[in-house]
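Asks: Sharing the feature lines straight out of TrEMBL:
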SIGNAL    1-17  signal peptide
DOMAIN    65-267  domain 'Peptidase M12A'
BINDING   His166, His170, His176  Zn(2+) binding site
ACT_SITE  Glu167  active site
Amino acid sequence: MQAIVVTAFFLFVTLSAAPVKKGKNLNDVEYFSDSVGEEGEYFEGDMLLTPKQHRAVHAAKMQRNGLLGGAKRWPERTVVYYIEEEDFDEDQIKMIEGGMADIANKSCIKFVPRASDKEHAVIIQGSANGCFSNVGFTTPDEDDDGEVNQVLNLAKGCFRHGTVVHEMLHTLGFYHMQSTYDRDDYVKIVWENIKAGTEHNFAKYTNDTVTDFGVSYDYGSVMHYSDTAFSKNGNKTIIPLKDDAVIGQRNGLSESDILKLHRMYCEQSQDVIVSHRS
């Protein structure tokens, strides 16, 4: 595979590359869906959290200022990666590279291949079921049992451009759009349609725990849930308050996604946690 060097931006959370379960479904069939990343077993469907992040998220739900120390940007605006080539065919590798190039071409981030196996990197694999990623730059904490590297998993059904970009934005640090503190001004959560046991995926965080970089709520963000996310009956779980709004697109970056990337990685220098309010 030809090495690819690309530039990109960052958003906000970190996750641990703990061992993941093997699965079926998405790796057994060519299954494609705009909401495929919402169907996983991880936090909010596709975010793999470290123990420290789980504690921070719990604190945020309790309206404590916990998330501000929970995510880091990639140093020098550079994402170091390694693709497990045996997990993918040629077209899938091209789509992975295309996702990195898209982000890079619209931001100041670089994606560079790992120079040695001792270098911290995001391991892009397809060996487990589902689409999921660590969030932000993730290294093991002294009280965590994490792996040295972090993971971005893309099963067969994840290969739509916007889905690849969505997971890469998690790697850069993005949370989901509808987690922002003021989401109730823009969408209605239909709790009675949500599958029992998955209600936590619709948690929102206070303005004290996240920052939005002054970017307005974006229905068209690639980080927004679809309107039937975690539905128990096929009916809508999220209803936009704007009549003509469409949510859950997986075509690619929106203009607000790009703006937030710039404000987080290119205009800011300090480590922060941000809600995906793009």
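Just so it is clear, glycine is given a Cβ too, placed from its N, Cα and C backbone atoms.
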Asks: Fewest neighbouring Cβ atoms within 10 Å: which of the recorded positions His166, Glu167, His170, His176?
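Replies: Each of the recorded positions His166, Glu167, His170, His176 was scored by Cβ atoms within 10 Å; lowest is Glu167.
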Asks: Where does His176 (Zn(2+) binding site) sit in the DSSP three-state scheme?
Replies: coil
Asks: Can you tell me whether DSSP puts His170 (Zn(2+) binding site) in helix, strand or coil?
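Replies: Once the DSSP labels are grouped into three classes, His170 (Zn(2+) binding site) ends up as helix.
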Asks: Pop the mean pLDDT for the domain 'Peptidase M12A' (65-267) in here, whole number is fine.
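Replies: Reported value for the domain 'Peptidase M12A' (65-267) is a mean pLDDT of 89.
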Asks: Compute the C-alpha separation of His176 (Zn(2+) binding site) from Glu167 (active site), stating it in Å without decimals.
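Replies: Taking the Cα atoms only, His176 (Zn(2+) binding site) lies 11 Å from Glu167 (active site).
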